[in-house]
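Have a look at the structure below, then the notes.
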Amino acid sequence: MAFIKRKERSKERFSLLLLDLEEYYFEQHTVYHVTTSSAKKRKIRGSLKVCSKSIIFEPEDHVEPILKVCFCVYLIKENNVVAPYKVERGDSTFLFHLEVSSKTEDVVQTLLQLHRASCLDKLGDQTAMKYQNINVSEIPHMECEAEMVTPLVTNPGHVCITDQSLYFQPLNGYPEQVVRIELHRVKQIYKRRHGLRPLGLEVFCTENDFCSDIYLKFYKTSDRNDLYYYIATFLENHMVEHTAESYMLQWQRGHLSNYQYLLHLNNLADRSGNDLSQYPVFPWIIADYSSTELDMMNPATFRDLSKPVGALNKERLERLLSRYRDMPDPCFMYGSHYSSPGYVLFYLVRVAPEHMLCLQNGRYDNADRMFNSIGETWKNCLEGATDFKELIPDFYGNDPSFLLNCLSLDLGKRQGGSSVQDVVLPPWAADASDFLQKSQKALESQYVSEHLHEWIDLVFGFKQKGSEAVAAHNVFHPLTYEGGIDCDSIEDPNEKIAMLIQILEFGQTPTQLFTTPHPQRITPRFQSISRTSSVNTPLNDEDSSFEDLTEETRRLAWNNIAKLKLMSTHKIHKEAVTGIAVTRTASSVFTTSQDSTLKMFSRESNGLQRSMSFSNMALSSCLMLPEDKAVVCSSWDNNVYFYSIPFGRRQDTLMGHDDAISKMCWKDNQLYTASWDSTVKVWQCDSADIANNKRCQFELLAEFEHEAGVNTINLNPAGTLLVSGTKDGTATIWDTSSSVQLHQVHCHSGKIHDMAFSPDSRHVLSVGEDSCLKVIDVQTGMMISSVQADEEQRCFCWDGNTVLSGGQSGHLQVLDLLSNKVTTRIPGHSGAVTAMWMNEQCSTVITGGEDKQIIFWKLDC
């Protein structure tokens, strides 16, 4: 379905589309048009519309044409047929007289005023909202002037916001006396650019991103902002605010289709179905319009999404670049845009003919330049000197009417003599519906899913502006970019209108949403690669089946993670618990504490078995080595201690840092230690020696330097990537094989408490003392999600979508990252949760806290 709100065919033929830009309709009067062109005098009854630049006569008889009188007479909708306007010119007087049935002096006075008053003067005559339209029980909060925006039309009036409703009263009472929107029905509100200025506000009472209930354009940004914040405050407990990053995470993980994601991005980038100069833009996907079958497995079937349309043809691009190099400032590569009102109506002329006539002064385009064929249009976009247009969402929707001449419009005849009818489809499409279905399938295909992020970089992302845009051959006329011109600084009204027309009709580049490379989508193919890359040996069928079973077990567990039940509580330390390590059989649990002790708790006897002390300073973390032969503990005394479980004694000590050691990781006989001395060190250490009660020969393999003390580290499942979090809130991702820094992101305003990779290694989640949870894309280093929690979160486990975290209050919380909502809070400790462990099946959790306790949790499902 096309997103233009099409006016139903009714008895009233008048439309605001008959007005010029910056022209306003004021009022109507019942009149008789008196004709003297024939021997017999005729009186035609109708309605006289008084506008700021013309008068329009709408006869009651649909056979008679609508007359618009300005400097000439336009005959419109004769016999009620939508067709190009006929023009009759008079020398000095108009060719008809009016006999007014209402008060003649009122009409005459209005017409005289039009010569000396602008539309804004007329607005000034009505400075107050007519409060009889407001429910008496409501309390008005603010009122201001604004215009209601619909495609190609702005209608001035007054806005009033009360404690219950939003009202808009058109100055002319058209198409209705007042528009009322109850605030409790509002689902979303968005600030909009209009004419590249921050003046718009769009209100939605449904989840559909392009069927808004009202789009308002204000005269002052402050009025727009005041209204926005009032509604947002009213809705803050009822409305989830989505960001480009939150939608990105949902899309990456397959919870949004490519189509849905593009719709959301368009919406966030100020694209609206009510504004044809900023209509939603979608990419050309298919490049094959000649085959009888569409091969979705052949990459040649698809357009190169890494290039703008203008760069798809190498020869044409060379000509454009040659001109660009010789062009004085401001220089640009493309003289036309990829989205403009003309291009939108080029595609939609068969369902929105009146909009096309409005845009083109009452005429359709030349028949040979109309939207005649999908294949011809694609070819022209590849070869045409000035044609670089992309597509609109309708090409991937479910309503094929824009491809069919269902209204039997006379759109002219082509040079060969054939009339313009339905759009000619490619051979692989049986009919218009089949064309849309196959286009939808192509948009959601494996190839497009793997490459769509490249097109997003061009249109919404970091290649939209600056040096990256130049390198990507993606530079358009400066007037299409926000900030390219300041219309408010133009004093001459005619010059200002001319500039506004140029901005509105030339096309506008979307608001930039991303300033770093957009991450790639996680497709099934990539998920499979990610899983096998973390395993050293190929999986046989039995191993694969076991892995699938384990994965399904984990998925079911995380779906029910909110059903965690507290099983038992044990106070075994004198200070806060700092680390938890568990044997493979889960029979023994080891914990470290700020009381400088390592404790061994037996699950079988449900009691404390051992207590060991290595230092007079706090122990900060612990981990279990393979085969359950030894526990490694880190300490604030700068040392690492190895404790032999079979022999029950300290086996070895590693003096590795110049300040307290905060966290450790182990992978394939390599120990990673993080310290407040601003380093992470990698040590070679043979676990077999430790298991055999031999002293270990520690070899320093690598050292990762930071600008601040390192508070936490974590490895991805394959051990190929390391992430470190510092006291100043910086997260750094490292390649462990080369010791090279891949990305550095300042993501928290204070210390980072905990970090972990998602199971597929695509994302990193961090929690900090700023009470935020941040998600970083590993491929690009982009921070793609930020959630402000109610309190500081200290530690967590997650599956890539759902987070189980422990907070400052001692409660556990379950957070859905895809909706940014806390779904469950579970009471637990009486102090902050400082350590958390989860088993491989995700069915058992152990937590430690500042209350000196450990708590055992079990999934109850």
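In case you wondered, yes, glycine gets a Cβ from its N, Cα and C as well.
Because TrEMBL annotations are produced automatically, they should be read as predictions rather than curated entries.
Going by TrEMBL, these are the annotated features:
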DOMAIN    135-232  domain 'BEACH-type PH'
DOMAIN    236-521  domain 'BEACH'
REPEAT    654-693  repeat 'WD'
REPEAT    703-744  repeat 'WD'
REPEAT    745-786  repeat 'WD'
REPEAT    826-861  repeat 'WD'
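Same-chain residues lying 6+ beyond the ends of the repeat 'WD' (826-861) with a Cβ under 8 Å from its Cβ atoms: 550, 553-554, 556-558, 560-582, 586, 589, 591, 593, 601, 792, 794-797, 799, 804-814. Among residues of the same chain six or more beyond the repeat 'WD' (745-786), those with a C-beta under 8 A of the stretch's C-beta atoms are 243, 245-246, 248-249, 252, 514, 516-520, 522, 527, 530-531, 534, 711-718, 720-721, 723-733, 792-800, 803, 805, 815, 817, 820. Sequence-distant contacts of the repeat 'WD' (654-693) (same chain, at least 6 residues past either end, Cβ-Cβ under 8 Å): 617, 620-623, 625-627, 629-630, 632, 634-642, 644, 646-647, 699-715, 719, 722, 724, 726-727, 734, 736, 739. Along the domain 'BEACH-type PH' (135-232), the predicted structure has mean pLDDT 90.
The helix, strand and coil residue counts that DSSP assigns across the domain 'BEACH-type PH' (135-232) are 15 helix, 51 strand, 32 coil. Within the chain, the repeat 'WD' (703-744) has long-range Cβ neighbours (under 8 A, six or more residues past its boundaries) at 533-535, 659, 662-665, 667-668, 670, 672, 674-682, 750-757, 759, 761, 764, 766, 768, 770, 774, 776, 778, 780-781.
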